[in-house]
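To start, the structure itself, in structure tokens.
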Amino acid sequence: MADNTDNRRSLWGVPEKLQLHIAMLTLQFGYAGFHVVSRAALNMGISKLVFPVYRNIIALLLLLPFAYFLEKKERPAITLNFLIQFFFLALIGITANQGFYLLGLDNTSPTFASSMQNSVPAITFLMAALLRIEKVRINRRDGISKILGTALCVAGASVITLYKGPTIYTPASHLHAHLLTTNSAVLAPLGNAAPKNWTLGCIYLIGHCLSWSGWLVFQAPVLKSYPARLSVTSYTCFFGIIQFLIIAAFCERDSQAWVFHSGWELFTILYAGIVASGIAFAVQIWCIDRGGPVFVAVYQPVQTLVVAIMASIALGEEFYLGGIIGAVLIIAGLYFVLYGKSEERKFAALEKAAIQSSAEHGIERAPVSRNSIKSSITTPLLHQSTDNV
């Protein structure tokens, strides 16, 4: 039966499982390119306030038609309360999130910005636990795994921030120098990935991850009362643009900052808006719907590896011992958290099956575990389907 279903979902003879893996690998390359392109944009002098404004305008233009036509029936009437919630989501999920990311990226490097993002699932879990949105069962392996994973992520972020360490790889001496000589017209405008203030950059990236995690946590109750994901994202983008414009009005006084001075600058903004916010959004929502949230999250470290290769070639990025150690700890922590979430779903599925069985036979049975947990936190766009995991 499963094989027949898989065959029906095949495209040009390619089974859906393989489609999902190809899509996720492609998605990581798209996101990895965004890290490198964003750093290149900063190297070229694009304003940290102008860049996100243009990026979110493009994203909003891409999202609006889909939100309007696909969610006509399920979109509730807009109220002042909803507008306030969307404004708050934009403040943490767009303005703080993207602002801290660009500040952190400007002071560190694409690879370690990507490495820090691997800690978001653990920070989200910790934040939800502290707010009592999610319960922690320390007497079960899923609870222990999530606590251990969170501790590893915190340790990794601390190592990256507090210990830079010696340089263990410098591509500029061979590969990057050769490429820069033979392709100077292409690579020269990109600049390099030399960090300015490593510790400050890492603090900014921690702020980025905290903002991202807070956005995930607080978006869950909003989606319960306003179950139109595309519309919520569109409103969030809109208010994010307004907030960045207000900040730019006070902090960005140079009118030339809003003008594109080269084709490279235009390319970086189009890439960020179309690929990172448009195409990637569509691919991710399909992969989550068909493969489940854990399947999608497992591929995140692949992005870090791809970023390292891209940044080394295009920007001549150097790698530091502290960054490598921290990245390994964070990725290990990510997988512990994902394992804990997977085990949690198994417990929930067993409990649900037991309840259904009891109802069918008219017999009252004890739950599978009196400590069974009901997950109450939902990552945006993360459907619970795990058909292909």
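Each Cβ is built from the backbone N, Cα and C atoms, and glycine gets one as well.
On a predicted model such as this, the values are computed, not experimentally measured, just so you know.
Confidence annotation: the domain 'EamA 1' (32-161) carries a mean pLDDT of 89 in the model. For 32-161, the entry in Swiss-Prot reads domain 'EamA 1'.
The annotation domain 'EamA 2' is assigned in Swiss-Prot to 210-339. Helix, strand and coil counts from DSSP across the domain 'EamA 2' (210-339) read 113 helix, 2 strand, 15 coil.
Among the features that Swiss-Prot reports, phosphoserine is placed at Ser372.
If you look up Swiss-Prot, you'll see 18-38 (among others) marked as transmembrane segment.
Residues or ranges marked as transmembrane segment in Swiss-Prot: 49-69 (among others).
Residues 52, 56, 207-208, 211-212, 214-215, 218-219, 222, 225-228, 232, 235-240, 242-244, 247 of the same chain, all 6+ positions outside the transmembrane segment (76-96), place their C-beta atoms under 8 angstroms from a C-beta of that stretch. Sequence annotations record features per position, and here Swiss-Prot assigns transmembrane segment to 76-96 (among others) based on sequence analysis.
According to Swiss-Prot, the transmembrane segment annotation covers 111-131 (among others). With a threshold of 8 Å between CB atoms, the same-chain residues lying at least 6 positions outside the transmembrane segment (111-131) that come near it are 31-32, 35, 101, 104-105, 146, 149-150, 152-154, 156-157, 160, 202, 205-206, 208-210, 212-214, 216-217, 297, 300-301, 303-304, 307-308, 311, 317, 319, 323, 326-327, 330-331, 333-334, 337-338, 341, 376-377, 379.
Same-chain residues lying 6 or more positions outside the transmembrane segment (143-163) and placing a CB less than 8 Å from one of its CB atoms are 112, 115-116, 118-119, 121-123, 125-126, 136-137, 199, 202-203, 206, 209, 321-323, 325-341, 343-344, 373. The transmembrane segment feature in Swiss-Prot is assigned to 143-163 (among others).
Annotation comment: Swiss-Prot describes 198-218 (among others) as transmembrane segment, evidence class sequence analysis.
With a threshold of 8 Å between CB atoms, the same-chain residues lying at least 6 positions outside the transmembrane segment (230-250) that come near it are 47, 49-50, 52-53, 56-57, 59-60, 63-64, 66-67, 70-71, 75, 82-83, 86-87, 89-91, 93-95, 98-99, 219, 222-223, 281, 380. What Swiss-Prot lists as transmembrane segment is 230-250 (among others).
For 266-286 (among others), the entry in Swiss-Prot reads transmembrane segment. Sequence-distant contacts of the transmembrane segment (266-286) (same chain, six or more residues past either end, CB-CB distance under 8 Å): 23, 26-27, 30-31, 33-34, 37-38, 40-41, 44, 46, 51, 54-59, 62-63, 229, 233, 260, 296, 381.
The feature transmembrane segment is assigned by Swiss-Prot to 294-314 (among others).
Residues annotated as transmembrane segment in Swiss-Prot: 319-339 (among others). Long-range neighbours of the transmembrane segment (319-339) within the same chain, counting only residues 6 or more positions beyond its ends whose Cβ lies under 8 Å from a Cβ of the stretch, are 109, 111-112, 115-116, 118-119, 121-122, 125, 142, 145-146, 148-169, 198, 294, 297-298, 300-301, 304, 308, 312.
If one looks beyond the transmembrane segment (49-69) by at least 6 residues along the same chain, the residues whose Cβ comes under 8 Å of a Cβ in the stretch are 38, 41-42, 75, 94, 98-99, 102, 228, 230-231, 233-234, 237-238, 240-241, 244-245, 247-248, 251-252, 257-258, 268-270, 272-274, 276-278, 281.
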